[in-house]
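Structure, as structure tokens:
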Amino acid sequence: MSRRSLSLWFPLLLLLLLPPTPSVLLADPGVPSPVNPCCYYPCQNQGVCVRFGLDNYQCDCTRTGYSGPNCTIPEIWTWLRNSLRPSPSFTHFLLTHGYWLWEFVNATFIREVLMRLVLTVRSNLIPSPPTYNSAHDYISWESFSNVSYYTRILPSVPKDCPTPMGTKGKKQLPDVQLLAQQLLLRREFIPAPQGTNILFAFFAQHFTHQFFKTSGKMGPGFTKALGHGVDLGHIYGDNLERQYHLRLFKDGKLKYQVLDGEVYPPSVEQASVLMRYPPGVPPERQMAVGQEVFGLLPGLMLFSTIWLREHNRVCDLLKEEHPTWDDEQLFQTTRLILIGETIKIVIEEYVQHLSGYFLQLKFDPELLFRAQFQYRNRIAMEFNHLYHWHPLMPNSFQVGSQEYSYEQFLFNTSMLVDYGVEALVDAFSRQRAGRIGGGRNFDYHVLHVAVDVIKESREMRLQPFNEYRKRFGLKPYTSFQELTGEKEMAAELEELYGDIDALEFYPGLLLEKCQPNSIFGESMIEMGAPFSLKGLLGNPICSPEYWKPSTFGGDVGFNLVNTASLKKLVCLNTKTCPYVSFRVPDYPGDDGSVLVRRSTEL
């Protein structure tokens, strides 16, 4: 072939190798027109459905690694990557078996390699900058710039679809009260299989309420936590006015009161902030903290007290190191140190416990310094819904020899002071929490929370559970029995929804069969982990500009962050050191070590 012929063929070959330009497609011809074609969720692999005219659509497959009318044809590298990637269930099996192998891995550089892989793979599943919100099912400047909104991972179900969940399922969703009573209400207490205790439950609730603060006035699509991450607004308040009321303005410290020789949060008489207590509770009995609802549970006020003491303790250490610093610098630097301590404890103890992994998780921001990573986070509505873990709550609360019902426990303003921090930490560390997944484990006192979440998801028109599984790289379930792993609940779900592709997001998470020896199912892990890790490592203190000793007041402050632990947090702020762990003491690994399941080891 001549050189001229080659020069003519080469451009043609290039054109053949390029993915075809998406064409505008007609909707399913079997359905009477006009039906919004995006109601069928035709675009796969994160392709974006764009409607044209009444019944035409086009899938935007840009940078998905796929092409074709519905983004289903993988590019060569995508195909190769998918072929080599292990399934989530196999990965989970590897990480939770072979204890002695992981002991070796954790002692070598392989731990950091795997940790970097975990962080990047998980975090890349979360779009940054944010994409959608409750008012905009398309990319908009408002979705990016207005931090009053929760972001959304998937756009809402189009309003003009044949059924509430798109095109599948019944014309009307099941009665939410009936759904909750049949499938979520506890028959008998099912304990968490990992030995999880209610100290873990209270830590989770206290920690997450700094960024889950849905606006009652503006609606469920809006948040009052404008920091969208770990900013400790639940300690310092979510606005400057509240913060100023809580500060002592001396040596960087927060206001406090001394009761029976111990430090506790101030009363609302001493710090004039709004706290939500029942009518009739006198102001001197209302403790003032950053989050206005923490008076609800003694467990929440317990952690508020511990973090208050930690803040003032760190202020003393910094004051000794930097006698020339003024109140403002002491306060601001201490806040950064406590943010670092929080992230350290959450990753290395809280998430470690949840995962059940033998891989020892590590908080080390430098692992991501060479990766493409955005140090900014936006809380998603789906993350907020996912994190309603009220099955953790027991039937009653045991403190010493005394058993408290919900009626006695809620808004109990004297329990914390009467027992003291040490006694409550010890008691909560010894009481089993409930299993989250698998269904039928909501105590009737908290069942209304599940009802409210489902109602909110319907108002916000969240897409079906299976669409979220696909969004996070999981295979959609093909039947209710595959979802639940048993026949009875599957039959009830079939009766209620009619189609597995019409199952709602939150019920799907709560009714999915649990992973072996796990507190919940595959979807909760595979969806929750990316949100969590992106939010934690996306914090500004983890960026190259912030992550250095000078940010934290020098080596003393930096060392506080790098050596933080749950036990230190409690025991450095109490006169005696109680039993403190996220696992009950009569469970294997109660000393904080990783649980060894010898019967199932490789």
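Using N, Cα and C of the backbone, Cβ positions are placed for all residues, glycine too.
Straight from Swiss-Prot, the features:
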ACT_SITE  His209  active site, proton acceptor
ACT_SITE  Tyr387  active site, for cyclooxygenase activity
BINDING   His390  heme b binding site
DISULFID  Cys38-Cys49  disulfide bond
DISULFID  Cys39-Cys161  disulfide bond
DISULFID  Cys43-Cys59  disulfide bond
DISULFID  Cys61-Cys71  disulfide bond
DISULFID  Cys571-Cys577  disulfide bond
DOMAIN    34-72  domain 'EGF-like'
CARBOHYD  Asn70  N-linked glycosylation site
CARBOHYD  Asn106  N-linked glycosylation site
CARBOHYD  Asn146  N-linked glycosylation site
SIGNAL    1-26  signal peptide
SITE      Ser532  site 'Aspirin-acetylated serine'
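When the domain 'EGF-like' (34-72) is classified with DSSP, helix, strand and coil residues number 4 helix, 12 strand, 23 coil. Rounded to a whole number, the C-alpha distance linking Asn106 (N-linked glycosylation site) with His209 (active site, proton acceptor) is 32 angstrom. On the 0 to 100 pLDDT scale, the domain 'EGF-like' (34-72) averages 96 in the predicted structure.
Taking His209, Tyr387, His390 as the recorded positions under consideration, the smallest Cα distance to Asn146 (N-linked glycosylation site) is found for His209.
The Cα of Cys43 (disulfide bond) lies closest to that of Tyr387, out of the recorded positions His209, Tyr387, His390.
According to DSSP, Cys161 (disulfide bond) is assigned to coil rather than to any helix or strand. Among the disulfide-bonded residues Cys38, Cys39, Cys49, Cys59, Cys571, the ones whose Cα is located within 10 Å of the Cα of Asn70 (N-linked glycosylation site) are Cys49, Cys59. Fewest Cβ neighbours within 10 Å among the disulfide-bonded residues Cys39, Cys61, Cys71, Cys577: this applies to Cys577. Counting only same-chain residues at least 6 apart in sequence, those with a Cβ under 8 Å from the Cβ of Cys571 (disulfide bond) are Cys577, Pro578, Val580.
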